[in-house]
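S.K.: There's a structure below that I have some questions on.
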Amino acid sequence: MSQDQDAVFQLKGSMLAITLLELARYDLARLERQLADKVAQAPKFFDNTPLILALDKLHDASIPVDLQKLIAICRQHGLQTLAVRTDRQDDMTLASELDVPVIATSSASGRALEPSDEASQGEVARPSKVIHRPVRGGQQVYAQGCDLIVIGPVSPGAELLSDGNIHVYGPLRGRALAGIKGDGKARIFCKELNAELVSIAGRYKVAEDLRRSPFWGQGVHISLTGDLLNIHRL
Amino acid sequence: MAKILVITSGKGGVGKTTTSAALGTGLALRGHKTVIVDFDIGLRNLDLVMGCERRVVYDFVNVINGDATLHQALIKDKRLENLYVLAASQTRDKEALTQDGVGRVLDELSQNFEYVICDSPAGIERGAHLAMYYADEAIVVTNPEVSSVRDSDRMLGLLSSKSRRAERGEEPIKEHLLLTRYDPTRVDKGEMLGVDDVEEILAIRLLGVIPESQSVLKASNQGVPVILDEHSDAGQAYSDAVDRLMGKEVPHRFIDAQKKGFLQRLFGGR
Ligand SMILES: Nc1ncnc2c1ncn2[C@@H]1O[C@H](COP(=O)(O)OP(=O)(O)OP(=O)(O)O)[C@@H](O)[C@H]1O
Ligand SMILES: [Mg+2]
């Protein structure tokens, strides 16, 4: 009997851009005010943004935290708490009552992140555009001012555009144009190179050239040196 | 409320109408009140395949324009209690369908049926768009050849971006792949794509594989949906597909080119 051959789910590892809010002081009124300021500066950033709420950097670790209120304030400002990072037992109990996962405190600190709606704010990291479904023929996706990540296949006739890097966690069978505003440092990564065209900062190769690469059909990353597109095996 | 299923493909002549007739009949056979709606205005194929072409008085466009009520236009199948057809007009063109009009008719059908099957015309233009716009689920009919797979891929893109569900940000249309006119011997010779190739390219759930079969042409010439021919491979494959649509786990058949053994030939292969 092979009744159960069609899996009803698939587990996939993935690295997603998630914002970390490290609370330094437990002062809800100030938190509200400061969050409201940030939202005013970059409203698009605070639009159902997934968030990890870190309580392990609080200056005074003895003050009890009203987790429910804290999560509510974040939600009001467009931040959706996915998990709480803490090492305090009280927080863990509260989190489990609220059905919010707990992440154990790690040494990983994360870089300070200034939310911004501007395309080119210099060194500031911008959240990538993440697409979780196949990109089909005839569809075009543009990640303006940031990286583009596609989790799934990219069909022939589909077009990916990005001001930064392009990552495809699946076969790339369509067109991928990275660094379209001229960033020659942009790169293209994919699990399977079957592209119709790849381009970095306007320098391109079409399928006819790409097919001659020994890495056609394999996991590669593509970068630009001078005028030359290099294809390296991943 | 009914479930609205669109049978669509992009490419023409791949077996949408054959599939609409078979699945609609299969659902009715299992006791579900079903209506099949022909969106291929100007061509009118479905009524021939269903064998009701001589009983068409009013059609889909008449209902949209208010020339007839749904009650007057619905044609009851002569074999099955639960099955109805809404025919397409032969004298009009696809421009006669309006988004509002289609919405109103589907709404009314939804209140009286469990399943509404929309037989889409080929292409990605107006008629095909309206056939899929209101759908809850889509069956993407694909032949094992590159051009058909490409068109299906494109149609899947439209389903995920241009449907009512997509526009409203609701749960996306549930997508099924139905591979038709499958010929395992030609696949083995490398003349056609295999099931795995097509599944890998389209990356959606496989509802079924319908073999290339003489019985399909025979059935449509007689105006009998092929699913009623229980001895035919295509009929059995469609029947499995209906079971899967209802959530049953059924192993796929007719995928491998097997030489049937003597005993199998005698007793009918499984
Ligand atoms: N499994 C099959 N085996 C053999 N012939 C088939 C099969 N399925 C469909 N056909 C034949 O292919 C032709 C086209 O089928 P059908 O009319 O169902 O396609 P369609 O997608 O509705 O076409 P259109 O795009 O014109 O509406 C018909 O002659 C039909 O008999
Ligand atoms: Mg048809």
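Backbone N, Cα and C atoms are what each Cβ position is placed from, and that goes for glycine too.
For B:5-226, the entry in TrEMBL reads domain 'CobQ/CobB/MinD/ParA nucleotide binding'. The ATP binding site annotation in TrEMBL covers B:Lys11, B:Gly12, B:Gly13, B:Val14, B:Gly15, B:Lys16, B:Thr17, B:Thr18.
Could you tell me the structural context for the features on the list?
M.R.: Within 10 Å of the Cβ of B:Lys16 (ATP binding site) there are 31 other Cβ atoms, across all protein chains.
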S.K.: Can you list which of the binding-site residues B:Lys11, B:Gly12, B:Thr18 have their Cβ under 6 Å from some atom of ligand 1?
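M.R.: Near ligand 1, sequence order: B:Gly12, B:Thr18.
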S.K.: Compute the average pLDDT of the predicted model within the domain 'CobQ/CobB/MinD/ParA nucleotide binding' (B:5-226).
M.R.: 95
S.K.: Got a sec? Which of B:Lys11, B:Gly12, B:Gly13, B:Val14, B:Thr18, the binding-site residues, have CB under 6 Å of any ligand 2 atom?
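M.R.: Listed by sequence, the hits amount to none.
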S.K.: Beyond the listed site residues B:Lys11, B:Gly12, B:Gly13, B:Val14, B:Gly15, B:Lys16, B:Thr17, B:Thr18, identify every same-chain residue whose Cβ lies within 8 Å of the center of their Cβ atoms for the ATP site.
M.R.: B:Ser9, B:Thr19, B:Ala122, B:Val141, B:Thr180
S.K.: Tell me the coarse DSSP state (helix, strand, coil) of B:Lys11 (ATP binding site).
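M.R.: In the DSSP reduction, B:Lys11 (ATP binding site) maps to coil.
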